[in-house]
Amino acid sequence: MASLWIRDGIATNTTEALAACTPAVPGKYGNVPIDACNSLYMYEPNFSSAVAFTVLFTLITLVQIVEAISFRKGFCWTIIMGAFWEAAAMAFHALGARDQQNQAYAVAHTLVFLLAPLWINAAVYMTAGRLVHFYLPERQIFKIKAPLLARYFVLADILGFILQGIGGVMLSPGASKETMEQGLNWYMAGIATQEFFICVFTVIVLAFHMKMWKLERHGAMLEGRDGTWRWMVWTIYGVLALITVRIAYRLAEFAGGFVPSNPLPYDEVYMLNLDALPMLLALTLFCVKAAKKAAREQELDMWRTAEAGAAQPSGNSTFAFHKPGVPVKAAQRQAGTQWI
């Protein structure tokens, strides 16, 4: 792991190695050799890089908040949380670089940084559910209604969050060798679960893509829909690919073990380029104006239709329609279309 503090596997995975461990006198910023007992990092954290990523993630967070308000996209709270967690993680990393004996900074950075991408993953699932709802006449795919599609995969994301969270907590400073090994297993199970559902979800997005291509080819697009769905689909593809890069890096890092032959845990460059940077790019993709515009049109269309009591389209629609005397949100719940 990019900011692990456990010494067990540096030279050998034996208790004798721990017995030989000795504390070192901290330098100006609390830095000590990585094999010292009082070392919290497996590399020398770079303050400038941490600050740069903190600023970039913070800017993305602010942009997401502004766009969520401007385009009335209340459901975008997940992507805002993802950006905020990434910014917070890098801020803790910057603080830790200047105080490398501060255990709280090391723990906060590691735990928040490991879990932040799950928020971004959840945002992808919710966005795709809205695409299915807005563009497909039957408003379902593989016989799964659009609201349930988002809900099922967000629940799967929560499962991954729990597994990774347990692993992250067990990889805390001062943990025993046994606890550390269990934590690694829990975390690897969590990211493997996350990637499994990403693969399943990619198949669903591909099926949606093919359905939309056929609808356009035969001139059967629903009235008022345009080609902005392509921006959304390619954004989803891009974000899922970037998350997969990050997962592949973490799996390789853990599977290789904390030994000298595996360079991944011992060089911050890998963490920055294969975790922080992919997530920054993924968040940037969500800032694309065309995607935001399309999402706003979808949101407004849903509410207009519900409030106007439009006639229900043919097919197994899951659209919520307003009934006199029944609040719109209550009508949505009755029709099974209340969004997460």
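Heads up, the Cβ atoms here are built off N, Cα and C, so glycines get one too.
Quick caveat, the model's predicted, so the values are computed rather than measured.
Residues annotated as transmembrane segment in TrEMBL: 47-66, 75-95, 107-128, 149-172, 184-208, 229-249, 269-288.
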Residues of the same chain, at least six outside the transmembrane segment (107-128), with any C-beta under 8 angstroms of its C-beta?
1-4, 75-76, 78-79, 81-82, 85-86, 88-90, 92-93, 96, 149-150, 153-154, 157, 160-161, 164-165, 167-169, 171-173, 187, 194, 198, 201, 204-205, 208, 232, 235-236, 239-240, 243, 246, 275-276, 279, 282-283, 286, 295, 339-340
Apart from its near flanks, which chain residues at least 6 from the ends of the transmembrane segment (75-95) lie with a Cβ under 8 angstroms of it?
3, 45, 47, 50-51, 53-54, 57-58, 60-61, 64-65, 67-68, 102, 105, 108-109, 112-113, 115-120, 122-123, 126, 130, 276, 279-280, 283, 286, 295, 299, 339-340
Please work out which recorded stretch in 47-66, 149-172, 184-208 has the most C-beta pairs separated by under 8 angstroms from the transmembrane segment (229-249)?
184-208
